[in-house]
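Now, the feature entries from Swiss-Prot:
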type	residues	note
BINDING	61-91	FAD binding site
BINDING	228-264	NAD(+) binding site
MOTIF	486-495	motif 'Microbody targeting signal'
TRANSIT	1-41	transit peptide
Amino acid sequence: MPWFKNLIKISKTITNQSSSYKSITPLASPLLAQFLQFTKQYSTNDHVVGLEATKSDQKPRIVVLGSGWAGCRLMKDIDTNIYDVVCVSPRNHMVFTPLLASTCVGTLEFRSVAEPIGRIQPAVSTQPASYFFLANCNAIDFDNHMIQCQTVTEGVETLEPWKFNVSYDKLVIASGAHALTFGIKGVNEHATFLREVHHAQEIRRKLLLNLMLSDVPGVSEEEKRRLLHCVVVGGGPTGVEFSGELSDFILKDVHQRYAHVKDYIHVTLIEANEILSSFDDRLRVYATNQLTKSGVRLVRGLVQHVQPDKIILSDGTNVPYGLLVWSTGVGPSPFVNSLDIPKAKGRIGIDEWLRVPSVQDVYSIGDCSGFLESTGRQVLPALAQVAERQGKYLASLLNKVGKEGGGHANCAQNINLGDPFVYKHLGSMATIGRYKALVDLRESKEAKGVSLAGFTSFFVWRSAYLTRVVSWRNKIYVLINWLTTLVFGRDISRI
């Protein structure tokens, strides 16, 4: 984009010059002049470029931090006739996480589970005052309605990251959560998580590389067994689904295409307690039996230390591995921890209308937020359906506020917000491989409801997620991938 090139050029040339708003008004357009405002707050240099506060005759600006389920659903439903939208995120797409495990073994292509932000909300690509910024938010000045960001330039060796500020009328913090490591030494250095597309790409590369290397002359029997030992830590839905996909891949594809090493590859799933603890007891027993039949070894234990080639359990057992996937749940990110606002179990504290009550014009949704104790509500689980429904509700609320003239900063105090957010759990689903899945339609663990397992559940699982895929483009991608995998097998190319 031309304006972005101008931003890069200007940010480099003004470091040692005295600048003001007047010095940039002759540039490309009034809009560019608005964007290239110089502020001295937060900056380690003399100046920081950024978006200035909106004026009363302009549309109010909503700034969304994050591009996950919550933030993307909000951006999809927000009325861009009322608001300008600015999204700040280190990734330019939304990940359809329920199908991410399928991409690790070639059942689906990576593009099938990634939806570009510009397709979810076209305004950020087409409207003159709406933007997507590839950046991280480092700090928030709640008093002055401003965020400090730093660009993500990873992979561009010729460009150093720089800071910029964005003023907001309404701020929505939907920055998600980070994988929990429980402070275990070696996890971040040696394990692979499964939360992003690049995680799935890394898992696939490692898996296929280990398969090919183990087939090369000169590799000892012991080293073959280590290279082809896939260890999954965490018995939640993600860990179980990945184990199921991996066992399918081994039984159907490795046995055909890597016949020389098929007897060496195996999967171990390590969980401290019961797998799928939120599911019905009968479904857990069924999943345990099916995974065992598929060759997945279930181990109950606690990881104490992770080394480059093995993990050490709390009882002293050494478990060699060639691929280690870590899926033990999520917790607050360093960014959320850095915010000086009330928290709820480590998350950003919100009220019944998803507002951050300690500051003006700030909302929080998704995995990074939780109801304050004063609301009398429990902190909701970190689930996609929770985040998506919060995004839908908040978009409706902000559209209502904007229509009633409360879109600008500090203008919504006297507006009736209507009914508070209410969450009703629709159930849980998980695939366990071999065309079998679990469907638990209970509203809670203690409630009664329908529980299904087997091929029928697998059909329900696939149908449900196919309908939930964001765009028709990706729906078609997913359907075609499933059909080609069924007919021709999984893609085992290492690119």
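Glycine too: its Cβ is placed from the backbone N, Cα and C atoms.
These numbers come from a predicted model, not from an experiment.
Projection of Swiss-Prot feature records onto the structure.
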{"residue": "L65", "record": "FAD binding site", "DSSP (3 states)": "strand"}
{"residue": "R73", "record": "FAD binding site", "DSSP (3 states)": "helix"}
{"residue": "N81", "record": "FAD binding site", "DSSP (3 states)": "coil"}
{"residue": "S89", "record": "FAD binding site", "DSSP (3 states)": "strand"}
{"residue": "L228", "record": "NAD(+) binding site", "DSSP (3 states)": "coil"}
{"residue": "V233", "record": "NAD(+) binding site", "DSSP (3 states)": "strand"}
{"residue": "S243", "record": "NAD(+) binding site", "DSSP (3 states)": "helix"}
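For R73 (FAD binding site), the same-chain residues 6+ apart in sequence whose C-beta sits under 8 angstroms from its C-beta are A387, E388, R389, Q390, G391, K392, A395. The Cα atom of S243 (NAD(+) binding site) lies nearest to that of W69, taking the binding-site residues R61, W69, N81, S89 as the candidates. Under the three-state DSSP scheme, Y258 (NAD(+) binding site) falls in the coil class. All protein chains considered, the CB of S243 (NAD(+) binding site) has 31 other CB atoms within 10 Å. The Cα of N81 (FAD binding site) lies closest to that of T238, out of the binding-site residues L228, T238, D248, D253, Y258. Taking the Cα atom of each, D77 (FAD binding site) and T238 (NAD(+) binding site) are about 28 angstrom apart. On the backbone, the CA of D248 (NAD(+) binding site) and the CA of V85 (FAD binding site) stand 43 Å apart. Cβ neighbour count for L228 (NAD(+) binding site) (all protein chains, 10 Å cutoff from its Cβ): 26. Secondary structure by DSSP for the motif 'Microbody targeting signal' (486-495): 3 helix, 0 strand, 7 coil. Considering only the binding-site residues D253, Y258, D263, W69 (FAD binding site) has D253 as its nearest partner by CA-CA distance. All chains included, 20 other C-beta atoms sit within 10 angstroms of the C-beta of D253 (NAD(+) binding site). Cβ neighbours within 10 Å of V233 (NAD(+) binding site), excluding its own Cβ and spanning all shown chains: 27.
Averaged over the motif 'Microbody targeting signal' (486-495), the predicted model has a pLDDT of 84.
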